[in-house]
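All remarks here apply to the structure that follows.
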Amino acid sequence: MQHIFAFFCTGFLGAVVGANFPNNIQIGGLFPNQQSQEHAAFRFALSQLTEPPKLLPQIDIVNISDSFEMTYRFCSQFSKGVYAIFGFYERRTVNMLTSFCGALHVCFITPSFPVDTSNQFVLQLRPELQDALISIIDHYKWQKFVYIYDADRGLSVLQKVLDTAAEKNWQVTAVNILTTTEEGYRMLFQDLEKKKERLVVVDCESERLNAILGQIIKLEKNGIGYHYILANLGFMDIDLNKFKESGANVTGFQLVNYTDTIPAKIMQQWKNSDARDHTRVDWKRPKYTSALTYDGVKVMAEAFQSLRRQRIDISRRGNAGDCLANPAVPWGQGIDIQRALQQVRFEGLTGNVQFNEKGRRTNYTLHVIEMKHDGIRKIGYWNEDDKFVPAATDAQAGGDNSSVQNRTYIVTTILEDPYVMLKKNANQFEGNDRYEGYCVELAAEIAKHVGYSYRLEIVSDGKYGARDPDTKAWNGMVGELVYGRADVAVAPLTITLVREEVIDFSKPFMSLGISIMIKKPQKSKPGVFSFLDPLAYEIWMCIVFAYIGVSVVLFLVSRFSPYEWHSEEFEEGRDQTTSDQSNEFGIFNSLWFSLGAFMQQGCDISPRSLSGRIVGGVWWFFTLIIISSYTANLAAFLTVERMVSPIESAEDLAKQTEIAYGTLEAGSTKEFFRRSKIAVFEKMWTYMKSAEPSVFVRTTEEGMIRVRKSKGKYAYLLESTMNEYIEQRKPCDTMKVGGNLDSKGYGIATPKGSALRNPVNLAVLKLNEQGLLDKLKNKWWYDKGECGSGGGDSKDKTSALSLSNVAGVFYILIGGLGLAMLVALIEFCYKSRSESKRMKGFCLIPQQSINEAIRTSTLPRNSGAGASSAGSGENGRVVSHDFPKSMQSIPCMSHSSGMPLGATGL
């Protein structure tokens, strides 16, 4: 029951509060002129409201510059019970209005110029302009200009400009023209002409601005070289017809984009509305203040509808309040209305309508418009997040493909291999046919896709483009575009920030980075024993120790294992046989077995015991892995001749002083090092700018020649694409080392706001998608290369081994053969000496002993007696020592007869 009771109570209270919300909301209006376009916009906006509550206007026509009259009308409307007031103010009355609004908690919605106030009850419909103005001045790189302003608008914009000028060292001459007469204008512009001041900012309302521009035309200060920035949100509200053919540039801001869907729809409804109330409206160019007025009415309607949905009671009961009471009594419901107004957000005539906690517009967009001799066009837009964003020429520029096609454009470029080169027989051709190269073909493809005629012209100073730090003037191809001497630049022109500020670039047609060029070092010849390189010397030592260790272990296990011993039978006499235990794995046979297994040649003996076979098996496995690994690496080590480079990276350059290094004297590479904040590059820049003699060169060709003649003592820093190209040209003595120091791209450049920018950009993207850009690079870099290797089309070729690669193997073979001959000779001498000594002893024994020896020598070689008396052989069994055949005929003297006795005679 308690829950049901609470539910009904809540519903009842909500119904009571909802019922108390007024169906009619009184709103005030303070206008300077009943016939003004703003007044008509106010009434039209009210007529378009259909949802409750209904807004009932209390409109007063007032002199907005008269503080007394403004106070009287404001208090009069407040006493009549208005919930909010819409109106205008001027510099003389703004402080009074903000003071009353803050004291009485009455919301004042205004399209007048923004003021810097903390009063949250003043809702400012007009966006602030100072940040956008500073962005445009910075965009044009103005360092010295005149600021003409109207003091009636307040000084907030001027103050912001002066503060920024102090930070950026701008030279600003501020001129107040509030009371300037026609003669004053003449003297003003004469004085500016004497000082060569042709860059002017004009900060005035539209009415006064039209008068100033009229004086500019009358005094003929609208010729080529003059540039005016209009600090006004209604560029399209101003009559600029007489500026179209004058040659002067005029830049300004447009708050309302009447080509958008919502503004176009509202303007059509307004045009078709009651002609009796809106006959004085200029439908061709409605003013931006009228659009702000329309949005202001909608802001109030949205706020009161929100309060109604929330069932917030804002009804004014009893006394409506005394405006001049002392002390002032604030209206209790004013806070609720103020919060509701600041929370409104919608898409209106002036774009996104939204307010911050101070009642100022936020998240808005301003369109930047420029007028030159060829018409009006949008050059970009500005918002609080992105600041100024340049845009390609759109429909407002009045430029189209037909205008592009109806003239011959000047394409500036630079002689640089392989981008632009004179043909060998260039004197036999004329015009563009004299040149060949990557950029020559690229320019032809771009012209074919865009559909224009062009003429190639080589830049006179032979430079890419940099700004002089003293005169601030641009040279090279960038200067040609900035000063209107060329229409397009098709060259290896790097896209950089400082260049992008004064010219426009297409999407990159080639990606690259700064690289290091050095003279190619001599290839290192392989050593005599380079066949040992696949394995480290530590591994070879371990293999030797493993070989000896395995041989010793095999010898030991063969001795200890009873299964390694076996019996051999032999005849001792005609009717008697004898058996003996033998073991084939003595120490030398063990070494021989291990060596044969390691060389994968095998041996005529094998282990018989399980322990011996385990030793042999693990040794075979070991040699299998080692030999396989060695063989896998041997080919690479024998066929590759390494070049030992003195440097491998920028870090190596920075930490040494023996090798000098430099860049192009005027170009993006030098600018990169000058602006870099990376420690290594800062160190390199410090060295380069102070090196003696200078390490900078005027052209890339000069840098290449310096590298080749320096004998490895100079490194040249340049774009990787050019480095790769030079590496493919004879005499093939330069090379690129290390990776790229940065990442950037080459782009096709056009003047700021050129009608060619968008078509050229689309053409570059299309050529990239078709693969033509890669095809052109392969053609001019690698297909025409002179060093036999290069791009992706090059095929790997197997290098033939030279004698130096395998000389060590032959040395070992020859050494082994010589060692074998030497060992054989030593064995022969040793054996001969041993037998000679033995025979001398044999000749001295008695005849009976000789006969006995002869008798025993006729027995089989391996007799039991011989085995017991002779030493053990290699395989551990007894052997008899027979006389060599050469010794069997040696004569001996008998003691009894003194006659020589030969063995054959016995």
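Glycine residues also receive a Cβ, built from the backbone N, Cα and C atoms like all the rest.
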Fill in: Residue in Glu441, Glu719, Glu724 which Swiss-Prot records at the L-glutamate site where Pro492, Thr494, Arg499, Ser668, Thr669 also bind
Glu719
Discussion item. Based on the record in Swiss-Prot, is it correct that Pro607 and Cys829 are on the same side of the membrane?
Written reply: yes
Worksheet item: Of the listed cysteines Cys732, Cys829, which one does Swiss-Prot record as disulfide-linked to Cys787?
Response: Cys732
Item to complete: Average the per-residue pLDDT over the topological domain 'Cytoplasmic' (558-584) and send me the rounded value.
Response: 68
Fill in: Rounded Cα-Cα span from Ser710 (phosphoserine) to Arg499 (L-glutamate binding site), Å
34
Fill in: For the topological domain 'Cytoplasmic' (604-609), the number of residues DSSP places in helix, strand and coil
0 helix, 0 strand, 6 coil
Discussion item. Nearest by CA distance to Ser645 (phosphoserine): which of the recorded positions is it, out of Cys323, Thr494, Ser668, Cys787?
Written reply: Cys787
Practice prompt. Write down the Cα-Cα distance for Thr669 (L-glutamate binding site) and Cys732 (disulfide bond), rounded and given in Å.
Written response: 24
Item to complete: Write down the Cα-Cα distance for Ser710 (phosphoserine) and Pro492 (L-glutamate binding site), rounded and given in Å.
Response: 27
Discussion item. Same chain only, please: residues at least 6 beyond the ends of the topological domain 'Cytoplasmic' (604-609) with a C-beta under 8 Å from a C-beta of the stretch. Say none if there are none.
Written reply: 554, 557-558, 561-564, 566, 584-585, 589, 593, 615-616
Practice prompt. Using the recorded L-glutamate site (Pro492, Thr494, Arg499, Ser668, Thr669, Glu719) as reference, state which further residues of the same chain have their Cβ within 8 Å of the centre of those residues' Cβ atoms, listed in sequence order.
Written response: Tyr464, Leu493, Ile495, Thr496, Gly667, Lys744, Tyr746
